[in-house]
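Q: Encoded as structure tokens, here's the structure I'll be asking about.
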Amino acid sequence: MAPLHHILVLCVGFLTTATAEAPQEHDPFTYDYQSLRIGGLIIAGILFILGILIVLSRRCRCKFNQQQRTGEPDEEEGTFRSSIRRLSTRRR
């Protein structure tokens, strides 16, 4: 019975060493999602406040509706404006 007892102790010893935590290597695919979430919320909050400040400052105007003035009005612009005036006076 002694050899069976030794084999049983040897098997239990192997199992404990196999299940013991080995030194873990750094896994490059393990991320800290809590700090990533907090950082994202901080950046989103800063961008939101910056957007509100830009809208309230009224410095950002629509550029597509403003034309560069060269000094002389375009001929087409003058005829277009006059045609609009003519149409608006007819409706009254």
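Numbering starts at 1 and runs along the chain as displayed.
Any Cβ shown, glycine's included, is placed from N, Cα and C.
Source: prediction; values computed, not measured.
Found this in Swiss-Prot, in case it helps:
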- 1-20: signal peptide (SIGNAL)
- 21-35: topological domain 'Extracellular' (TOPO_DOM)
- 57-92: topological domain 'Cytoplasmic' (TOPO_DOM)
- CYS60: S-palmitoyl cysteine (LIPID)
- CYS62: S-glutathionyl cysteine (MOD_RES)
- CYS62: S-palmitoyl cysteine (LIPID)
- 65-92: region 'Disordered' (REGION)
- THR79: phosphothreonine (MOD_RES)
- SER82: phosphoserine (MOD_RES)
- SER83: phosphoserine (MOD_RES)
- 83-92: compositional bias 'Basic residues' (COMPBIAS)
- SER88: phosphoserine (MOD_RES)
- THR89: phosphothreonine (MOD_RES)
Q: Can you name the far-off residues of the same chain, 6+ from the ends of the topological domain 'Extracellular' (21-35), with a Cβ under 8 Å from a Cβ of it?
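A: Answer is none.
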Q: Please give me the CB contact count at 10 A for SER82 (phosphoserine), counting all chains in the structure.
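A: Step by step: centre on the Cβ of SER82 (phosphoserine), count other Cβ atoms within 10 Å, giving 10.
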Q: Taking helix as H, G and I and strand as E and B in DSSP, count the residues of the topological domain 'Extracellular' (21-35) in helix, strand and coil.
A: 3 helix, 0 strand, 12 coil
Q: Within 10 Å of the Cβ of SER88 (phosphoserine), how many other Cβ atoms can you find? Include all protein chains, please.
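A: Around SER88 (phosphoserine), other Cβ atoms within 10 Å: 9.
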